[in-house]
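Below is one structure; the comments refer to it alone.
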Amino acid sequence: MTTLFIHIKQLIQVREKGLLKVSGKDMKTLPFIENAYLLIENDSIKDFGPMADCRSTKADTIIDATGKIVMPTWCDSHTHVVYAGNRVQEFVDRINGLSYEEIANRGGGILNSAEQLQNTTEDDLYKQSLARVKQLMALGTGAIEIKSGYGLTVNAELKMLRVIKRLKTDLKIAIKATFLGAHAVPKHFKDNKQGYLNEIATKMLPKIKDEQLADYIDIFCEKGYFDLDDTDFILTEGKKYGLTPKIHVNQFNAFGGVALAVKHKALSVDHLEELNENDIEALKNSNTMPVALPSCSYFLSIPYTPGRALIDAGLPLALATDFNPGSTPSGNMNFVVSTACIKMKLTPEEAINAATLNGAYAMDYSNDLGSITIGKKANIILTKAIPSFHYLPYAFGENCIDKVMINGEFIS
Ligand SMILES: N=CN[C@@H](CCC(=O)O)C(=O)O
Ligand SMILES: [Zn+2]
């Protein structure tokens, strides 16, 4: 089965094999070929180059991409897309003056989502989540990470992770699963945080390992949630079960969580709305990817991650949605890329690098996804006719996508 795209206006993010992430100044370059072709064979990228070099004239499907951009699909390395119901009332409460923290302190927030999820059957949770993931795929996302963390009991956390496993089996999109049992202290452990952490270590992690339900271990390292000792404990316990750390840190306060995550060889540190020099120093000479979540900053009206400072310090940066019912009820990576340019002052080249190759890195997928590279999976966005790739973040809110291909097959 072959598909040949011809006369592509710009084929972007073309890379040699072996490049797993881009950092610092290199993020300003987004290699592309004008008037290009791209040949897909079965589920992989077989060949590409300038039209003048196009030797293949036969394929099962030929697509004339005149005026259009072809690029790798978005790699969304931070989502909570498996959740039950919504938190619309909290949205209205915030408009009327309550803060995110005040809502959480009143028993809303994560605990509200946990209650809704505990009262939802696994099948219903699967259906709600499947609909969301399909929506994201149509918006150009070809790989996602999904977290647990709205269960907060042994059964409900396992329910979430089993739903993620079903999504992995049923959908073509690449999915990584993260265990975020330490998302908040549940009501039944109020005043006994260590009791809950012990439950995670002794009851949840062994079952997760038995059923092979997770790739990563996460914790919400934040004042009022889990401190540095808790984070050290959970990451140590998770690693005993083969789970790599990938954590929520510095959303509202910076107090050493980044350095601790680096010490634990975290794959990524996510949020970073509050960032200081020590955090930046800790990330230098590490393999940990900083991940910014600009839709969360937009929705909560909190500071944007200082992405410019990270890149200017020579570091890499990834962009992700944080799709969840409380702080970011949107999984649209196109909006994330626009917002990173508009609010964080990333160039379109930097933002697209951050949302493709670096996003793939933050899920251990950059050997297979995140760029137009021979041998990588054929996860492709074909845009509508647009002036250039710079138009993608510029035309925020406009749907510029014509078709999305996942593993060599068009899904829309
Ligand atoms: N900050 C922690 N967790 C989620 C949101 C949790 C919620 O409000 O439901 C986040 O990444 O923003
Ligand atoms: Zn999150």
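For all residues, glycine too, the Cβ spot is worked out from N, Cα and C.
No curator has checked TrEMBL annotations; they are predicted automatically.
As recorded in TrEMBL, the features of this protein are as follows:
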type	residues	note
BINDING	H78, H80, H248, D322	Zn(2+) binding site
BINDING	H78, H80, H248, D322	Fe(3+) binding site
BINDING	R87, Y150, H183, Q251, S327	4-imidazolone-5-propanoate binding site
BINDING	Y150, N324, G326	N-formimidoyl-L-glutamate binding site
DOMAIN	292-409	domain 'Amidohydrolase-related'
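Cα of N324 (N-formimidoyl-L-glutamate binding site) to Cα of R87 (4-imidazolone-5-propanoate binding site): a distance of 10 Å. Listed binding-site residues: H78, R87, Y150, Q251, N324, S327. Those with a CB atom under 6 Å from ligand 1: Q251, N324, S327. Close to the recorded Fe(3+) site, the chain also has T79, K147, D270, H271, L293, C296, A320, F323, N324, T328: residues not among H78, H80, H248, D322 whose Cβ is within 8 Å of the site's Cβ mean position. Put simply, G326 (N-formimidoyl-L-glutamate binding site) is 6 Å from R87 (4-imidazolone-5-propanoate binding site) when counted between their Cα atoms. Fewest other C-beta atoms within 10 angstroms, among the binding-site residues H78, H80, S327, are seen around S327. Listed in sequence order, the binding-site residues among R87, Y150, D322, G326, S327 whose CB lies under 6 angstroms from an atom of ligand 2 come out as D322. Comparing C-alpha positions, Y150 (4-imidazolone-5-propanoate binding site) sits nearest to H80 among the binding-site residues H78, H80, G326. Within 10 Å of the C-beta of R87 (4-imidazolone-5-propanoate binding site) we count 22 further C-beta atoms, all protein chains included.
The separation of S327 (4-imidazolone-5-propanoate binding site) from H248 (Zn(2+) binding site), Cα to Cα, is 13 Å. Summary for the binding-site residues H183, H248: the Cβ-based neighbour count within 10 Å is maximal at H248. Taking the centroid of the Cβ atoms of Y150, N324, G326 as the N-formimidoyl-L-glutamate site, the other same-chain residues with Cβ within 8 Å of it are H80, Y83, R87, I110, S113, G149, P325, S327.
For the domain 'Amidohydrolase-related' (292-409), the mean pLDDT of the prediction comes to 98. Comparing H183 (4-imidazolone-5-propanoate binding site) with H78 (Zn(2+) binding site), their Cα atoms are 14 Å apart once rounded. Largest Cα-to-Cα span within the 4-imidazolone-5-propanoate-binding set R87, Y150, H183, Q251, S327: 20 Å.
Distance between Cα atoms for Q251 (4-imidazolone-5-propanoate binding site) and H78 (Zn(2+) binding site): 14 Å, as a whole number.
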